[in-house]
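Report on the following structure.
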C-alpha cells in the first residue's frame with residue numbers, strides 16, 4: 001500500500017468498494033470490510049490488478065482474518081428504477097449496514113459517498129491506497145465473478161463467464177442473436193435497443 005494516504009483518526013475503519021457498475025447484466029455488488037490491525041494480510045491490492053487465483057486466495061484470507069465483512073448489492077431492477085449511481089450508493093449502504101461491528105469511520109473508493117450514519121470520506125484510487133478498500137474490492141469482485149459463473153451455467157450461450165457481463169463485442173453479438181435475459185439491465189442503452197424500448 002502507498003503511504004501517502006493519511007488515515008482518519010478513528011479506531012474502527014471500514015473500507016467500501018463496488019464492482020459491476022459498467023456491465024449490462026446482473027447486480028452491482030459492494031463490500032465493506034473492517035480489517036484486524038493485529039492480523040495483517042500481505043499482498044492486498046486493487047482487485048483489477050490481481051490474477052483470479054490470487055484474488056480467490058486473498059478473499060478467503062480476508063474472510064478469515066478481518067474483524068468483520070459484509071456484501072451489499074443492488075439488483076438489475078433497482079438499477080433500472082434508480083439509475084446506476086443511486087443503485088451503487090444503495091448497495092454500499094447495505095454493505096455497511098450488514099457489518100456486525102459498527103465502524104467509527106468509512107472510507108469509500110472513488111469520489112462519492114453514500115449517506116451513512118457515521119463519518120465517511122471518498123478516496124480517489126482508494127483501492128490502491130487503502131488496505132480496507134483493497135480488501136473490499138477483492139471480496140466484491142470475487143462475489144460478482146461467482147454470480148457471473150452461475151449465470152453462465154443458466155445461460156451458456158451468452159459467454160458470461162468470459163466477459164462478466166461487460167459490454168464486449170462478444171456480449172453485443174450474443175445480445176443481437178439471443179435477445180436479453182431477465183437479468184439484463186433494461187435501462188442500459190445496448191439492452192434498451194435490443195428490447196426496442
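Backbone N, Cα and C define each Cβ position, glycine as well.
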Worksheet item: Out of 80, 104, 109, which does Swiss-Prot tie to the same divalent metal cation site as 17, 18?
Response: 109
Worksheet item: Which whole-number mean pLDDT does the model give the domain 'RNase H type-2' (11-197)?
Response: 96
Discussion item. For the binding-site residues listed here (17, 18, 109), tell me which residue's CB has the most neighbouring CB atoms inside 10 Å.
Written reply: 17
Worksheet item: Apart from 17, 18, 109, which residues in this chain have a Cβ no more than 8 Å from the mean position of the Cβ atoms of those residues at the divalent metal cation site?
Response: 16, 19, 30, 31, 92, 108, 110, 126, 127, 133, 136, 137, 140
